[in-house]
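Asks: Okay, these came from Swiss-Prot:
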type	residues	note
REGION	138-206	region 'Disordered'
COMPBIAS	145-160	compositional bias 'Low complexity'
ZN_FING	208-260	zinc finger
SITE	Tyr218	site 'Histone H3K4me3 binding'
SITE	Trp224	site 'Histone H3K4me3 binding'
SITE	Asp228	site 'Histone H3K4me3 binding'
SITE	Trp233	site 'Histone H3K4me3 binding'
REGION	255-277	region 'Disordered'
COMPBIAS	259-270	compositional bias 'Gly residues'
Amino acid sequence: MDAQYNPRTVEEVFRDFKGRRAGLVRALTADVEDFFRQCDPEKENLCLYGFPNEHWEVNLPAEEVPPELPEPALGINFARDGMQEKDWLSMVAVHSDAWLLSVAFYFGARFGFDKNDRKRLFGMINDLPTIFEVVSGKSKAKPPSANNHSNSKSKSSNKTKSSEPRAKQPKPQPQPPVKNEGREEEGGPDDEEGGGGGGGGREEEHGETLCGACGESYGADEFWICCDICEKWFHGKCVKITPAKAEHIKQYKCPSCSGGNGGGGGGSGNGKRARPS
């Protein structure tokens, strides 16, 4: 509607943006009754225009195809009576925000703004609350630093969680895990079969466990052993237990549970739980 006005620098485009934005905000706030009245659903497709001089207008779209400037949302009047007024105004505000950006970056593209120009223009625009934020009362946004910190923390947390299953996949154990000799005797052969089905769940649980001595997580090529007293897992190297030595330990006790003597146990068999290296 005002194609003759062509700002050519970042500052001029931003000034154009602010003027159009001010007009649209006025239409949806201070002049809302007049704006509501002009958007008659009985009329043809209507658009809300904002101008650099901070005025606004409800009018038909430009006749030329394609138009000289990007056009705002078409037919905003048709939805007026089919929605709550607050929701309708919010919908118009969202479309107006999109239109303002399209006009600003149309000028940027037309007059050859480079990467730094576009970045600076967007930064200047982004410092202002959107029309939707003004109309909906959400213009008091959180400080950018707080949002960036929250987003960074969330992304970091998601990245860590998604990578954990790949980093902690345990190797298949050569035999089903054995809880202890007493429970096996009570459960009998049937319980051993059921235990085989639960082994995968135990591996998954231990894949998230940290070493009770050094606090590090499980590595796929490391030998681990579990204390049958406190149920904590340890790197074999941290408690000085090798796979060969573990084969001769019936019930393993970590250094804390065995009084600090380096851990161990008596007898033969395979009652302890261990992860192969």
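Cβ atoms are placed via backbone N, Cα and C, with glycine included.
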Asks: Between the Cα atoms of Asp228 (site 'Histone H3K4me3 binding') and Tyr218 (site 'Histone H3K4me3 binding'), what distance do you get, rounded to the nearest Å?
Replies: 18
Asks: Can you grab the distance from Tyr218 (site 'Histone H3K4me3 binding') over to Trp224 (site 'Histone H3K4me3 binding')? Cα atoms, rounded to a whole Å.
Replies: 8
Asks: Along the zinc finger (208-260), what average pLDDT does this model show?
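Replies: Average per-residue pLDDT within the zinc finger (208-260): 79.
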Asks: Taking the Cα atoms as reference points, how far is Trp224 (site 'Histone H3K4me3 binding') from Trp233 (site 'Histone H3K4me3 binding') in Å?
Replies: 7
Asks: Tell me, how many other CB atoms lie within 10 A of the CB of Asp228 (site 'Histone H3K4me3 binding'), whichever protein chain they belong to?
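Replies: Its Cβ has 21 other Cβ atoms within 10 Å.
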Asks: If you count Cβ atoms within 10 Å of the Cβ of Trp233 (site 'Histone H3K4me3 binding'), leaving out that atom itself, what do you get?
Replies: 20
Asks: If you count other CB atoms within 10 A of each CB, which of Tyr218, Trp224 wins among these recorded sites?
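Replies: It comes out as Trp224.
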Asks: Would you mind pulling the DSSP three-state label for Trp233 (site 'Histone H3K4me3 binding')?
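Replies: Trp233 (site 'Histone H3K4me3 binding') sits in a strand per DSSP.
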